[in-house]
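K.L.:
Please read through the structure below; I'll follow up with questions.
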Amino acid sequence: MSMLQTQAGTAVELRDVVREYGSRQARVRALDGVGIGFARGTWTAVMGPSGSGKSTLLHCAAGLERPTSGQVLLGDRDLATASERDLTELRRRDIGFVFQSFNLVSSLTAEQNVALPLRLAGSKVSMKDVRAILTGVGLGDRLRHRPRELSGGQQQRVAIARAMITRPAVLFADEPTGALDSAAARTVLGLLRSMVDEAQQTIVMVTHDPAAAASADSVVFLRDGRIVDRLVRPSVREVADRLAALEA
Amino acid sequence: MFTLSVATFRERWQLFVGAILTVTLGVAIVQSSLLIVASAGGYGEAIAILGLALGVSAFLAAFIVSSTFAFTIAQRRRDLALLRLIGGSRGQIRRLLLSEALLLGVLGTLLGIPAGQIVLSAQTALLENLGFLPGSFSAAWHGWILWVSLGLGIGVAQAGVLAASRRASRVRPLEALRETGAGAKVMTVSRWILGILLVIVGLTLMLVSTAVSNPNGAIPLSINAMVALALGLSALSPVIVPLIGRLTGTLAGRGTIGRLARANLRDGVRRNSSTAAPLLILVALLIGLAGTFDTLSEGAHHQLTDNVRGDLVAAGPIAPLTPGVATASTEYALTIKVTSVNQGDTETDDFPALAIDPAAYQQAHQLPLIAGSYADLHGLTVAAAGGKLGSTVRIHVGGQDLNPRVVAVLPPALNGSPEYLLPRDLVPPPALGPAQSIVRLQPGADPAAVARSLPQPVLTLDEWIAQSDSAQDSLNAGVMKVVMGLAALYAVIGVVNAVVIAAGERRREFAVARLTGFTRNQVIGTALLESAVVTVTGLLLGWLSAMAALIGISGVAGTMVIPWGAFWLTALGAFLVVGATSVWTSRSATRATPISLAGTRE
């Protein structure tokens, strides 16, 4: 942990974040005072049994959900209190998303999908950059294909290219390999790894899969809305054992 | 943003077909009606019919487009949330939808302009057939109509998407990550308020209309009451459909299909109200308009049978001292121009009038006056329907301008009865129109013998009343044919569109039902049962809205006629169309094996 923090400070930090759902009678506490910093240029995996609050943690860290209390700091801004307009700005420049279900716009080609965040942000779209980034994820020959003409692994790589085109401060990934076969999953994990190693990309990833988690720099374990454990550069075996212990 | 609109359009064109067709139809009908109106200066009845068609058409087009848009946007919530997720602002979402609507409006207009020429020849032929236009009639082409059509097409599409796009722009980015694309709450606070407000406005207008004694005031009031109530009920239909589903669902039995259908009705609220809404509006318009016409002619019929005293009606003046004739009221029909001054605006209109002999007229017509007396009706005087006693009116008759004093106030004129009575000596003889005489026989005179000595043709009073009924009815029937056909066409587009869109959305749901053990036929049966309940709801609410018009008009007509024949015909048609579409779409949605569908999400 200390090694990670010394690198370059934190990209995102959660301070005593509480997130509750439901009204008085049926109140559920999905996050129960979580405090964690994600260091710049590192890849952190978040694991935990179903209902442990790992998706909520990701959503709060990415400004998709407002915490009931606590702070979420991205740079010098607090996402917990940011306005809708600021959050939109943030999603345009500082945050990228990759999901289990790819979430590509089905009517647009791979190229157009990747260029979309730039268009939404109103910046000048350089097709050269778009092609370069798609070539970078190994899809230089699939530029004009629509999502349905691509395999799951290819679609996920388009989604990664789309998230990376704005050079975000943090890439949030929610089960990025959840819908992929093992070969495609390996390709995607390798891609994420090289982004961290070569471009010092910060990645926060929620996953169920010990193999995916083991590709990360560190793994954080959640149970009942609290961080209960943390491993640095674990093996697949270690992750699986720790997870099994939590679920028992 | 526009690229994305075009791409979405290409990808999801099925969602837009209904709206495009609606815009096309709206543009075509409005364009053709306007061209005919522009050329048909002298044919008042044709203009009246087209005016009604124009209004109904523009209203339905806007209604169907907006409900289709609301529905498709609800279905695309997940896509829209995705755009928000990758940095789209609320304004961009709105612009995306508005430019989709622009595309749709332009496309609909481009199809609608040539279609308008086809509608033009059909409308002209229909109006000629019904006798409202001469056979030689041909509408002239005007260049300005293109701008009107373009404005209308794009305007209707933009207006239709406005409310829905505001709602869509509030979609939260997180919704992109939800499993189902199901939209947020259907009944928003603003929808509740709008619905309740419209219902209140409808009921108030209805009550006001029953108190109005003039048909010219009561007809628009009660039609507006109906439209407000229909819109209000369709806004509230997400609450009402499940309610009726529970009632009628109980009748459908406690079987598995009945249970699932009932649950689906509770669940698919937006889908069901989207299907019920066009039906509701159709029934309200058809039954409301047909009932208004029927009620008015029934009222006019009552006025004649109750008030006219006589035995024979002859087509001409009766010579004095004709044997067998006790009294005869000779009445000359004519059209006069009346100029009214209303807050500085002078307006001249044609009105039907009769030139009469007051004493004889009083014997033949026992219609009680509201004020004044027939005895004063001589010299420069007039009896007017709904005028003010003692005031003067400016009329133009037989080439001269006159300012007679109102000495008698007639009760409001129903269909075709005269608005003004003039003493005969006031009207120069050349201006007198065709005469007819209502003849009362001396006691013991032989009607057949007397009839032979009178100007032919001679009718008995009953025959004469029947004849004036049927003249009025054929006008009404013509109007109804034009309007009904139109409304039905729109409703069919709206309903089929909603059912087709809904079934596409339900592929996965159907597949899951089959994986849980339902047979394909049971799934189709459930969908059919649901659509039947939705149809019943649409019909019932439409009928209720129509009743607002009928109750509103009953005050002035003194009677009320509910056109059951038209209602059952509409009901039958609705069940057939909705049922057939539902079976067809659910069959095609269940054609693939369930397992291949249960997994797919897009």
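Counting starts with 1 at the first residue shown.
Heads up, the Cβ atoms here are built off N, Cα and C, so glycines get one too.
Pulled from TrEMBL, these are the listed features:
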| type | residues | note |
| --- | --- | --- |
| DOMAIN | B:53-171 | domain 'ABC3 transporter permease C-terminal' |
| DOMAIN | B:482-594 | domain 'ABC3 transporter permease C-terminal' |
| TRANSMEM | B:15-40 | transmembrane segment |
| TRANSMEM | B:46-74 | transmembrane segment |
| TRANSMEM | B:95-120 | transmembrane segment |
| TRANSMEM | B:140-164 | transmembrane segment |
| TRANSMEM | B:192-212 | transmembrane segment |
| TRANSMEM | B:218-244 | transmembrane segment |
| TRANSMEM | B:275-293 | transmembrane segment |
| TRANSMEM | B:482-503 | transmembrane segment |
| TRANSMEM | B:523-553 | transmembrane segment |
| TRANSMEM | B:565-584 | transmembrane segment |
K.L.:
Let me spell it out: take the transmembrane segment (B:482-503), skip the flanking residues so only those 6+ beyond its ends count, and list any with a Cβ under 8 Å from a Cβ in it.
P.N.:
14-15, 17-19, 21-22, 25, 29, 49, 52-53, 56-57, 60-61, 63-64, 67-68, 71-72, 75, 123, 126, 268, 271, 274-275, 277-279, 281-282, 285-286, 289-290, 527, 531, 566, 570, 573-574, 577-578, 581-582, 585-586, 588-589
K.L.:
Compare B:15-40, B:46-74, B:275-293, B:523-553 by their Cβ pairs under 8 Å to the transmembrane segment (B:95-120) and return the stretch that comes out on top.
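P.N.:
Answer is B:15-40, with the largest number of Cβ pairs below 8 Å.
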K.L.:
With Cβ-Cβ distances below 8 Å as the criterion, list the same-chain residues six or more beyond the ends of the transmembrane segment (B:140-164) that contact it, or say none.
P.N.:
19, 23, 26-27, 30-31, 34-35, 38-39, 58, 61-62, 65-66, 68-70, 73, 97-98, 100-102, 104-106, 108-109, 112-113, 116
K.L.:
The transmembrane segment (B:523-553) and the transmembrane segment (B:192-212): do they have three or more Cβ pairs under 8 Å, with pairs 6 or more apart in sequence?
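P.N.:
Output yes: the transmembrane segment (B:192-212) sits against the transmembrane segment (B:523-553).
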K.L.:
Under 8 Å between C-beta atoms and at least six residues away from its ends: which parts of the chain pack against the transmembrane segment (B:218-244)?
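P.N.:
Contacts with the transmembrane segment (B:218-244): 59, 63, 67, 186-187, 191-192, 194-206, 208-210, 212, 265-266, 269-270, 272-273, 276-277, 280-281, 284-285, 288-289, 292, 296, 533-534, 536-537, 540-542, 544-546, 548-553, 555-556.
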K.L.:
I'd like to know the mean pLDDT over the domain 'ABC3 transporter permease C-terminal' (B:53-171).
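P.N.:
Here the predicted model's pLDDT, averaged over the domain 'ABC3 transporter permease C-terminal' (B:53-171), is 85.
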